[in-house]
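Below you'll find the structure, written out as C-alpha cells, and then a few comments.
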C-alpha cells in the first residue's frame with residue numbers, strides 16, 4: 001500500500017466520478033472507490049490511517065484517490081505538499097453556472113424542501129447582489145481557489161480536465177490525463193459508447209468486469225428550470241473569474 005502519487009482534487013459536480021471510473025480501466029491505475037476526505041475532514045487521523053485506505057499496488061502502478069472538496073479547502077494544498085511535493089493534481093472543471101445548478105439539484109434530491117435556486121443565489125434580489133457565501137456559487141470561482149494551490153504547487157503539476165469534453169470526447173480528455181500521469185495511452189475510443197438516455201459516455205467494460213458500465217442513477221439528473229434572468233446574472237458574475245482562470249491555466253474552456 002502506497003500513499004497516492006496522484007489525486008483528483010476537484011471540483012464537486014464537475015465529472016470527477018466519471019473520470020475516476022474511466023481511469024480505473026487502465027491496468028496501471030489503482031484507486032480508492034470511496035472519497036477518503038483525508039486532507040479536509042480526517043487529517044488528524046494521520047498518514048498511516050490514510051495509507052491504509054489505499055489499494056495494494058505492484059511496482060509501476062499509480063495509486064489514486066479523489067475527493068472533490070479538496071480544491072476549495074484552504075488547508076489542503078499545504079497538507080498535500082507536506083505529504084509529497086511531487087503529488088500530481090487533477091481538477092475537473094465545468095461551466096460554473098451549470099455546476100452550481102447541478103450542485104443545487106443534488107441537494108434538492110436529498111432535501112426537497114430547500115428554498116428555490118433563485119432565492120439562494122442572491123443576497124438581495126432587487127440589487128442583484130450575488131450571495132458568494134453559498135457554496136454552490138463559491139465553488140465555481142475557480143481562479144480564487146487556484147491561487148491558493150499555486151502557493152504550494154507549480155501550475156505544471158496540475159492538470160485541468162474539461163468536464164464538458166469529458167462528455168463530448170472522453171477518449172481525447174483521457175489521452176491528456178494518461179500523458180500527464182506518465183501512463184501508456186491504453187484507454188481509447190474503443191472503450192466508450194454514448195448512452196442516449198443518460199446523455200453521457202459509458203464504458204463498454206468496467207474494471208474487472210465484462211459488462212458495460214454507466215454511472216449510477218445519481219449521475220445525470222435532470223436539472224430544474226431556472227429563471228433565465230438569474231442564469232444571465234450568474235454568467236455575468238462568473239465571466240471575469242472565468243477569464244482570469246483561462247489566463248492562469250493557459251486554457252480556454254469556452255464557457256462564455
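Quick reminder: no glycine exception, Cβ is built from N, Cα and C everywhere.
What TrEMBL says about a protein is an automatic prediction, not a curated fact.
Here is what TrEMBL says about this protein:
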type     : residues                                             : note
DOMAIN   : 4-239                                                : domain 'Sulfotransferase'
ACT_SITE : 13                                                   : active site, for sulfotransferase activity
BINDING  : 13, 14, 15, 16, 17, 94, 102, 219, 220, 221, 222, 223 : 3'-phosphoadenylyl sulfate binding site
DISULFID : 202-214                                              : disulfide bond
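A map of TrEMBL features onto the structure.
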| residue | record | contacts (Cβ under 8 Å, 6+ apart) |
| --- | --- | --- |
| 13 | active site, for sulfotransferase activity | 68, 94, 99, 102, 103, 106 |
| 15 | 3'-phosphoadenylyl sulfate binding site | 92, 94, 161, 163, 166, 167 |
| 202 | disulfide bond | 192, 193, 194, 195, 212, 213, 214, 215 |
| 222 | 3'-phosphoadenylyl sulfate binding site | 105 |
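If you take every residue in the domain 'Sulfotransferase' (4-239) and average the pLDDT, you get 94.
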